[in-house]
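A.B. asks: What TrEMBL records for this protein is below:
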type	residues	note
DOMAIN	1-295	domain 'Major facilitator superfamily (MFS) profile'
TRANSMEM	12-33	transmembrane segment
TRANSMEM	39-58	transmembrane segment
TRANSMEM	122-143	transmembrane segment
TRANSMEM	155-176	transmembrane segment
TRANSMEM	185-206	transmembrane segment
TRANSMEM	212-231	transmembrane segment
TRANSMEM	243-264	transmembrane segment
TRANSMEM	270-291	transmembrane segment
Amino acid sequence: SEFMPVRLRSFGFYCAGMGYAFGYVMIAGLAYFIRDWRVFLKVCGSAEFIYLLYYFWIDETPRWLHAKGKMEEGRKIIQKISKMNNKDVSVIEDEIMALKSSSELSIGSWDSFLMFVKQPILLMRLAILCFAWTIVIMTYYAIALNLNSLSGNRFLNIFFGGLMEVCNVTLFCIFVETKGRRNTYIGMMIICALGIASTPFISVWFAQLSVATTMLSKLTVGVSFSVLYLYPAELFPTNLRQTTFGFCNMFGRIGGLIAPFLIYSKNGNTLIPSLATSAIIFFSVAQFLFLPKTKANQLPQNVEDALRLK
């Protein structure tokens with residue numbers, strides 16, 4: 001978010017999400033040819049070592065450096081960006097904001113945190129997002145883990161699940177630019193809740209159709225998942241952007257821990273868990289109505305900027 005100009009912010013998330021989607025599709029092929037799950041995990045896990053190289057490839061963002069008072073380092077990175085893209089520094093709109101005079105340096109992280117906890121509006125936004133992360137990740141992984149138990153070929157089900165990821169990343173890019181972040185989350189999660197609630201009833205009459213409703217729910221919750229990766233960055237100030245994002249992510253992982261228990265506690269009865277999950281989703285949707293719209297807004301640099309969001 002901090003590297004991308006406003007007009008390309010959602011497209012940047014689209015590119016990152018598409019990498020995840022193609023990786024999901026590849027998983028089905030790897031699992032088909034590597035049937036030993038231990039070997040499969042070793043092959044997938046070995047790919048993580050490439051992240052060690054990111055330390056040398058990825059720079060800090062100029063916005064964060066500016067918030068920390070490291071003006072010269074931020075200026076050097078902007079010059080590096082402009083040189084790589086053969087563009088003048090003035091063309092990089094977002095980063096120009098980060099090169100204000102040194103007399104306008106932002107306050108430190110601890111002072112920003114103290115200001116943050118004194119603002120009920122920001123705390124309310126954080127609580128709403130934490131709850132949303134918990135519910136979305138719980139729903140996402142409950143659906144993803146349950147693909148293996150759906151009727152039909154398990155490898156094809158995983159493959160179709162990967163195709164849904166490609167679709168949801170594409171829909172994310174379209175809807176957040178036309179409908180905005182908040183409205184996209186609300187609309188997609190309503191469809192997801194209806195799909196989850198209807199699946200137990202549909203599976204009684206036509207099992208194959210229940211696969212379709214499950215995929216629809218996976219599609220919509222996937223779009224919402226992408227929104228939650230973008231939205232917090234646009235609601236909180238630079239000094240606390242990663243801290244608040246990490247806090248939301250922590251609550252999201254709690255949802256990931258709940259997902260397996262949600263699947264294996266049903267004892268053949270999917271009706272009650274499905275209806276309960278749908279009700280919780282609707283509760284999260286209602287909370288999102290209290291969050292501001294951020295489409296086409298600059299990222300807030302400090303607490304005052306964040307409070308001005310409406």
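Any Cβ shown, glycine's included, is placed from N, Cα and C.
TrEMBL annotations: computationally assigned, not manually curated.
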A.B. asks: Counting only residues 6 or more past its boundaries, what in the same chain has a CB within less than 8 Å of a CB in the transmembrane segment (212-231)?
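C.D. replies: That would be 1, 9-10, 13, 17, 129, 132-133, 136-137, 139-140, 143-144, 146-147, 150, 160-161, 164-165, 167-169, 171-172, 175-176, 181-182, 184-185, 188-189, 191-192, 195-196, 198-199, 202, 248, 252, 291, 294.
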A.B. asks: Relative to the transmembrane segment (122-143), which of 39-58, 155-176, 185-206, 270-291 accounts for the most Cβ pairs at distances under 8 Å?
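C.D. replies: So the stretch in question is 270-291.
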A.B. asks: If you count every Cβ pair below 8 Å, which range out of 39-58, 155-176, 185-206, 243-264 shares the most with the transmembrane segment (12-33)?
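C.D. replies: Comparing 39-58, 155-176, 185-206, 243-264: 155-176 has the most Cβ pairs near the transmembrane segment (12-33).
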A.B. asks: I'd like to know if the transmembrane segment (270-291) touches the transmembrane segment (185-206) in this structure, counting it as a touch only when three or more C-beta pairs sit under 8 Å and are separated by 6 or more positions.
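C.D. replies: Per Cβ check, the transmembrane segment (185-206) touches the transmembrane segment (270-291).
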A.B. asks: Go through the chain and flag residues at least 6 beyond the ends of the transmembrane segment (155-176) whose CB is under 8 A from any CB in it; none is fine as an answer.
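C.D. replies: Same-chain residues near the transmembrane segment (155-176) but 6 or more away: 10-11, 13-14, 17-18, 20-22, 24-29, 31-32, 144, 147-148, 184, 187-188, 211, 215, 218-220, 222-223, 225-227, 230, 295.
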